[in-house]
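Heads up: the structure comes next, in structure tokens.
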Amino acid sequence: MFNEITKSVTWNGQVLELSTGKIARQADGAVTVKMGNSVLLCTAVVANKAKEGIGFLPLTINYREMAYAAGKIPGGFFKHEGKPSDREVLVSRLIDRPIRPLFHPAFVNETHVTCSVLSYDPETPVDILAIIGASAALSLSPAPYLEIVAASKVGLINGEFVLNPTLALLKTSQLDLVVAGTSDSVMMVESEAHLLSEEQMLEAVKFGFESFQPVIKIIKELAEEAKKPKLEMQALYPASLKKEIEKLFVKEIEQAFAMKSKQERSTNLDLITEKVFTHFVSDIENKKYSHYQIESALKAIESGILRNEILEKNRRIDGRSTTDIRQIACEIGLLPSAHGSALFTRGETQSLVSTTFGTSLDEQIVDSLEGEYKERFMLNYIFPPYSVNEAMPMKAPSRREVGHGKLAWRAINPILPNKVQFPYSIRVVAETTESNGSSSMATVCGSSLALMYAGVPIKAPVAGIAMGLVKEGKNFAVLSDILGDEDYFGDMDFKVAGTGEGITALQMDIKISGVDFKIMKVALEQARLGRLHILEQMNKVISKPNNELSKNAPSTTTIKIDKDKIRDIIGPGGKVIKEICETSGAKIDISDDGTVSVYASDRDKLKVALDKIKAIVVEPEIGEIFNGTVVKVLDSGAFINYVGNKDGFVHISEVSGERIETVSSVLKQGDIVKVKLIGFDNKGKAKLTIKNADKDKFSNNTKPKTSVNNTKDNSEPEQRHDSSKKRAWNEDNNAEIAEVITERKYFN
């Protein structure tokens, strides 16, 4: 029934298996990828006819993580997979980027690739397996997929490169790098790094490139046995068409490219495009030329003009040399109500960035195959249509926005303080207000400025730069700080972010084959010099974090209590903690280990909440004096609330130094009296005395101690209760609280 074909290779100590012919047999290409306990199904479907009237490849990549793959049922009201998560979007883009440049340039058939995780093993990198599976499925399909791609993940642990590190190993790794490519070229790099040098990054890319070569071999073997006939493709456009357009319009196009303003240049190129289509309108109607052929020929002419100016004259369309950086302007604190803000402008690219502090309750909850976890740092990249002068409605975040935001997140994350140094959650919003190339790197620069102005103790300022490449044969030029047109017509988009010491993020997309490590080395060094120049300009405005937070920032502190006291603070059904929050206006977050984080809009509200928590968790010591409130009077004595929610009993003999006939003759409900704790009965109930209490040192204003460091003392039976639970506060915590509340400063 099944004609299954399987190829396998031992890769990094695990067997990687690719098979086809058993599952999804009606798809143009279908490959099952297995490694460890991970199983992915990758399919490729190609439309029979080309899509008319478009000038790009309509390729859609969908990566899906099925909940059942990890033995889970989806959360939420509807118990099924919903819209793609950010991770699914990011992996979809990761698959798309190395694959898209490898199709025949004239191919415009609708193409869909789906990669589904059916079984999940945390010991295997499923994103890498998805890239491999997608490439294999396309190699089996009729699509004119010209070369085969594979990928690998690289970590750096204890100075050694690690191939396909597990999630556990990545937590201790200085590098998380994905590299994809063909048998002779790197096509894509995506990484987060902890201040690594250019040499280390280049060696990591080489290591990853060499590591996936055995995988390319088995994909080729599978394709040789199971591939379907490829679609026959013609030239993108007739050579005669290009010659005719050049003859009629090349001078006008050259004049348009001589205009340094993006708006002016774009307007004139649009007018020329209209003229070209008007000239060929009869040819389009007679189907001599298609709309796509004319557009492609025109773009080829524009590309040739731009590339020739760079390679032959070392001159770019805005007049810069290949290494020049556009003019930079930085401004901080321009949004008075934000906790931190900055405006970063580089040429015609501009990013308005704001920073907001929140509580641990504001952290982003992420539900993934690995399990649920929280992100305390969030970065949202927004690219509104007005930034490129387009009249379009605002929509939900696009895949591009999610991807650019994650790249900026990777650049900033390594230099952030940990939660002990800075207990807030952090949200950065970067809105691209103008765009002409490298808006994601403008986001990195603006985010660094806004964070420092907000008072976040980052390790060092971070800047980012986008590099480009123009290559013809052996002749090439690496471009610093590329424009949008240079990105579109160029051969590489190479983004590098980092501090003065090293790289924190790197993303590279190459559109052609033959880009070797020599070119990458030149690009990395040129990017380093450009990054240092940008940092120099940024440092003129702000070079280190402000010592104080914004007056609009919330106050916060973190204390430690006995885990046994957690239930007392929460109360039945959350009654107690809800009452504290409502009366104080603060927010409280309690961890299972007894860590209590308190947040409020100002220090007065914070103090109210802390006092209420203190009253609940305090464990008084024998001999302490308190202001107590009489809650009930009996013939034998009285119950008195002496601290927090704790009541003690005063026997009639302890009410007064003189003999009294009745307790009610001395005490009434609601009376406030000084009481002294003299011990506990065999049930742990407090025993109090009023006699001579006002003659002893009053202890209500002393700093109570926490019950974190419990010790047991069996010297006296009456003290067993007290010795098992010391006071639930400590002076170290109080000293820290005083500093945090009054100074609101944080140090590394």
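Using N, Cα and C of the backbone, Cβ positions are placed for all residues, glycine too.
Taken from Swiss-Prot, the feature Mg(2+) binding site applies to ASP487, ASP493, supported by sequence analysis. As annotated by Swiss-Prot, compositional bias 'Polar residues' applies to 699-712. Here Swiss-Prot flags 713-722 as compositional bias 'Basic and acidic residues'. Residues or ranges marked as domain 'KH' by Swiss-Prot: 554-613. The domain 'S1 motif' feature in Swiss-Prot is assigned to 623-691. The annotation region 'Disordered' is assigned in Swiss-Prot to 695-733.
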* **Least buried by Cβ count (within 10 Å) of the binding-site residues ASP487, ASP493** => ASP487
* **Secondary structure content of the domain 'S1 motif' (623-691), with strand meaning DSSP E or B** => 6 helix, 35 strand, 28 coil
* Structure fact -> What DSSP gives for ASP493 (Mg(2+) binding site), in three states, is strand
* Determine how many residues of the domain 'KH' (554-613) DSSP places in helix, in strand and in coil. => 32 helix, 16 strand, 12 coil
